[in-house]
Amino acid sequence: LSSDLRMKFEDLLSEINGFGRFQKMVLCINFFGRFSLACHFLLGNFIAVIPSHHCSISSLDVDEIFENLTQEERLTVSIPVQDDGTPASCHMFSYPQFHLLSNFSSPSEVAVVQCQNGWEYDNSTFISTLATQWDLVCDKRALSRLTTTIFFIGVMFGAAAFGSLSAMFGRKPMLLVSHMLGMGFGLCSAFSSSFIMFAVLRFFTGFTITGSVIISTILNVEWVSIKHRKLVGVIDSLSWTFAFMSFPLVAYFIRDWRWLTVAISLPTVTAIITWWWVPESARWLIANGRVDKAHYYLHKCAVMNRKKEVVVRNRKYSYLDLVRTPKMRKLALLTGITWFAVATVAYGISFNISSFGLNRYLTQFVYGAIEIPAKLSIYYLLDKFGRRITQAGSLLFVGISLMINIFIPKDKSVARTVIAVLGKGCSATSFGTVILYSSELYPTVVRQNGMGYNSFVARLGVSVAPLILLSDDVWNHFSQVILSSLGLSAAFVAYLLPETRGRCLPETIEDVEGIRYGYVEKLSSLGN
């Protein structure tokens, strides 16, 4: 390697081909390595479902007096009726009310009690869910949805942990740790013997599996040249779309929550096997003074890309470096707010698949399918308008679509679903853009820390998304108002970020602060 360590890494990549067979191999491996992660993010939409249910009436069948009654008649004499004409979910009569078989008596005249001997569930759609497994209904109803929040709290802390660990020990080893532990905890959670055990294992599944997404994203970006970062960002985000579209098909055929969890955890085996071909980030190696190892991977890249070998600081960085200097602090604040809003809104829409009155599996599939044109459009939008306008514009349209849905009556399920799908498409564009955009804003020495911090904030947003949806119990449109306000506010915040289109990735904090000679012209200050 040359002694000219100041040479820009982009110049080096251009000489050995910044998007050759080597980079395509890395991109392909990371693309399929994300399948399990994305499926785990949506798992709660199917395993946390609470099917129709009513109190078990076996205790009322004294001396088999029900044997001559039809099922409908048994329910009539045992379970009070709700306003919509369906059996009550949480109450039953204390003893059989046979007089109700005659039409001259009203159920309201009869005292009721809470369910005494468990519940009977409608298994026509789901063989088994968390609710049917551990009776998470009535006063325990919130626990079923709480598992999603617990999972994303794990993801949130995992993002921070793996961001720091991969910055300390390297991208490649921590990627393997994430794959192996994520799969292990995922499989173990499928065989939980209690709800508490499942909740704890879901936390650790989220904690460990999140490393794969932030590390693979950084590896993809750090190995490609400037002009190909946009394409890589789009392909990278399409990996989520691939999983989002595939998952409802898997869930359609596997209706038992345990086997569905196993089915989406096992594909990580492929990621573990292909990990051996994943290179360490040469940028990270150079930034940490491991020039010889960087040369090894650059040599492999040059050989695979059939290019001649070319050329090519030693301080440890931490999360504190994100806030030590003024422009880094501003960058961390603006990207943090943007990531929080992007994630909260995107998953607020994704988790809300049952409120439109249409088929759950079809809605989930359409939510995934709309991401294909949405994310392909990123390639054109980033080139035509740049990162900042695309990010702010997509958030603006998400906020507007959510606001429109507030004024569409509930009985217009098709219209509401169409608007929600359009909003989902805009949120997919927003999510695909923010990942690439942020990785270009942070300098190499703290890029993994920056992405770890942003991912932490995003998972905080995802964690509160299910809780925001619960606010509809207060007012039907409360959650839509909150999500819409977040989208519109974040659009303004994203517009304050600097443009990065066509510019070199910053290598040091000094590059971002604009105090390194020759770099001021390459990255506009955060004040512009």
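In case you wondered, yes, glycine gets a Cβ from its N, Cα and C as well.
Feature annotations, reproduced from TrEMBL:
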type     : residues : note
TRANSMEM : 31-50    : transmembrane segment
DOMAIN   : 95-501   : domain 'Major facilitator superfamily (MFS) profile'
TRANSMEM : 150-169  : transmembrane segment
TRANSMEM : 181-201  : transmembrane segment
TRANSMEM : 207-224  : transmembrane segment
TRANSMEM : 231-253  : transmembrane segment
TRANSMEM : 259-278  : transmembrane segment
TRANSMEM : 331-349  : transmembrane segment
TRANSMEM : 389-408  : transmembrane segment
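Distant neighbours of the transmembrane segment (207-224): 13, 18-19, 22-23, 26-27, 30, 33-34, 36-37, 40, 154-155, 157-159, 161-163, 165-166, 171-172, 174-175, 177-179, 181-186, 232-233, 236, 271, 278-279, 281-284, 301, 435-436, 439-440, 444, 447-448, 451-452, 455, 459, 505; these residues of the same chain sit at least 6 beyond its ends, with a Cβ under 8 Å from one of its Cβ atoms. Tertiary proximity for the transmembrane segment (150-169) is limited to same-chain residues at least six positions away from its ends with a CB under 8 Å from its CB atoms, namely 40-41, 43-44, 175, 177-178, 199, 202-211, 214-215, 218, 284, 316-319, 446, 448-460, 462-463, 465. Here the transmembrane segment (181-201) sits apart from the transmembrane segment (389-408); fewer than 3 CB pairs are under 8 Å, leaving out pairs fewer than 6 apart in sequence.
For the transmembrane segment (231-253), same-chain residues at least 6 beyond its ends with a Cβ under 8 Å from one of its own Cβ atoms are 19, 23, 27, 30-32, 34-35, 37-39, 42, 46, 216-217, 220-221, 224, 260, 263-264, 361-362, 364-365, 367-369, 371-372, 375-376, 378-379, 382, 428, 431-433, 435-436.
Residues of the same chain lying 6 or more positions beyond the ends of the transmembrane segment (259-278) and with a Cβ under 8 Å from any Cβ of it are 25-26, 29-30, 32-33, 35-36, 39-40, 43, 46-47, 172, 175-176, 179-180, 182-183, 186-187, 189-190, 212, 219, 247, 250-251. Confidence annotation: the domain 'Major facilitator superfamily (MFS) profile' (95-501) carries a mean pLDDT of 86 in the model.
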